[in-house]
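The domain 'PLAT' annotation in TrEMBL covers 2-108. Feature annotation from TrEMBL assigns Ca(2+) binding site to 15, 69. Among the features that TrEMBL reports, site 'Essential for stabilizing binding to COTL1' is placed at 93. Marked as domain 'Lipoxygenase' by TrEMBL: 146-627. Annotated Fe cation binding site per TrEMBL: 324, 329, 504, 627, in sequence order.
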């Protein structure tokens with residue numbers, strides 16, 4: 001008889017151990033063992049060697065009079081009679097008595113044995129998830145916060161704000177250093193422009209080389225520092241445009257029985273000689289008309305401020321549905337579901353990407369229940385949350401491109417390579433480069449040439465699933481429907497990791513920083529914009545702001561979404577040990593070292609900034625879309 005020494009590691013999670021009996025069967029290249037009870041200290045015996053181990057089968061059965069319970073094994077290590085050690089990573093809850101099959105960690109290209117560890121999911125219709133996909137998220141915090149406000153009578157208070165001081169009293173309950181700065185500077189042109197670069201929506205601004213035909217701004221309308229003409233400043237790369245044209249034609253929501261107003265503005269910005277970015281012209285509707293004036297900084301205080309307020313409200317809705325929900329949460333869900341239903345757990349791509357799927361399915365499910373359902377907070381209280389929400393999402397999806405998801409190409413495409421004080425770009429490009437080198441190292445270790453990529457059927461099913469179900473087989477997006485080279489694979493996987501980590505952090509973490517002070521980021525507006533100049537005032541501004549209950553619903557939600565998840569895992573940290581070979585382990589250590597250096601550089605830079613930019617600091621970035 002020969003003996004196989006078996007060590008089972010149970011995960012370091014609450015309730016991970018089991019009182020049930022666990023049985024194991026070993027499957028090798030030359031035979032298999034009998035099913036053996038895994039009692040403490042027991043080994044598996046076989047009459048002769050069964051060759052190299054490739055699969056184990058685990059079964060869990062409850063004892064008589066004992067309840068069925070769940071078990072979370074981390075991994076199984078087996079030492080063969082020949083002295084070889086085999087590792088079988090699991091990191092999955094086992095809740096029933098079905099046979100569970102797991103392949104050996106290094107056997108990724110073997111197709112001779114069952115792939116029982118592939119998790120089969122119905123695409124985008126998951127309602128119940130295994131426990132490893134769940135976090136008991138900060139929902140209780142939101143409920144507590146809403147209860148706190150309800151006790152003050154604010155959640156049901158459907159009245160307009162009578163003065164700014166009342167808004168401040170609500171705001172003071174929860175504030176951050178940046179949100180306090182926003183409160184003090186929200187009316188300033190330089191800060192208004194700054195937010196297009198380093199606020200929660202840095203994705204819309206682009207260099208303007210020629211004015212759109214529907215934005216008839218002329219030299220005599222604008223005053224440019226340095227006295228250069230508009231044409232010259234465009235040639236010099238100093239004029240920038242934000243165009244909210246996707247919002248055009250949307251039917252705004254009805255809130256508290258009142259019609260809301262959501263504009264589709266065009267904003268022209270100028271980089272001044274002292275490197276500030278300032279708005280120089282705002283048109284609130286797409287079609288020029290007598291009742292659609294172009295506003296300028298030289299207009300009256302409240303004419304100009306109201307124009308900026310309508311822009312900020314449009315930016316909130318554009319950001320939430322497109323930049324945040326679609327381009328991070330829903331994309332991350334596409335990547336996660338395709339991975340979980342197409343990749344075996346020992347595949348290197350599974351090992352590489354599964355940490356970046358943690359809790360994503362559950363947080364999206366909760367978003368569907370609490371935020372964008374029929375009675376969800378966004379649906380009820382955001383200007384774009386009514387009947388037009390799905391129409392707008394479809395429009396955003398149809399216009400999304402692969403290059404816009406890859407920050408080096410996106411920055412170049414928008415002509416933003418040289419605009420100063422653009423920390424999203426500076427930190428994001430470094431973040432991307434570090435990820436790309438890491439991905440190149442890991443995947444280059446397993447895929448020695450392009451043929452290996454082309455011939456990997458599991459990989460091809462993964463990308464095909466993403467192309468078909470995530471991007472509706474739309475070739476205009478530029479998303480590949482198959483992968484034919486190592487370089488293509490590395491770029492796509494880098495994009496996936498970047499989207500699920502750094503990009504999500506950049507467009508999510510600062511939501512309360514910039515939106516906690518409602519006048520800077522109104523969730524909705526309930527009066528139309530001025531149709532002629534000279535009619536705006538402080539009173540009309542307060543009447544235009546969302547009602548008290550709408551304001552506090554938006555503030556509470558942004559506060560919740562800006563909080564770190566209850567068991568935050570910083571980017572590049574891997575509590576679950578999926579890679580067993582030394583080369584990938586070394587690459588992970590090197591990767592973590594590079595991230596530490598980037599974090600230190602960002603922290604050092606931020607010491608000299610009036611408004612620090614922390615959203616791409618790897619120490620502050622979550623590994624996955626988990627909140």
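Glycine is no exception: its Cβ is also placed from the backbone N, Cα and C atoms.
Predicted automatically and left uncurated, TrEMBL annotations should be read as such.
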How does the model score the domain 'PLAT' (2-108) in terms of mean pLDDT? 90
Around the Fe cation site (324, 329, 504, 627), what further same-chain residues have their C-beta within 8 angstroms of the site's C-beta centre? 325, 328, 332, 363, 507, 508, 561, 625
Within 10 Å, the Cβ with the most other Cβ atoms among the binding-site residues 69, 504 is that of 504
Nearest of the recorded positions (93, 324, 627) to residue 69 (Ca(2+) binding site) - Cα to Cα: 93
One should report the C-alpha separation between residue 15 (Ca(2+) binding site) and residue 627 (Fe cation binding site), rounded to whole angstrom, as 23
All chains considered, the count of other Cβ atoms within 10 Å of the Cβ of residue 93 (site 'Essential for stabilizing binding to COTL1') is 19
Rounding to whole Å, the Cα atoms of residue 324 (Fe cation binding site) and residue 93 (site 'Essential for stabilizing binding to COTL1') are apart by 30
Cα-Cα distance linking residue 329 (Fe cation binding site) and residue 93 (site 'Essential for stabilizing binding to COTL1'), given in Å to the nearest integer: 24
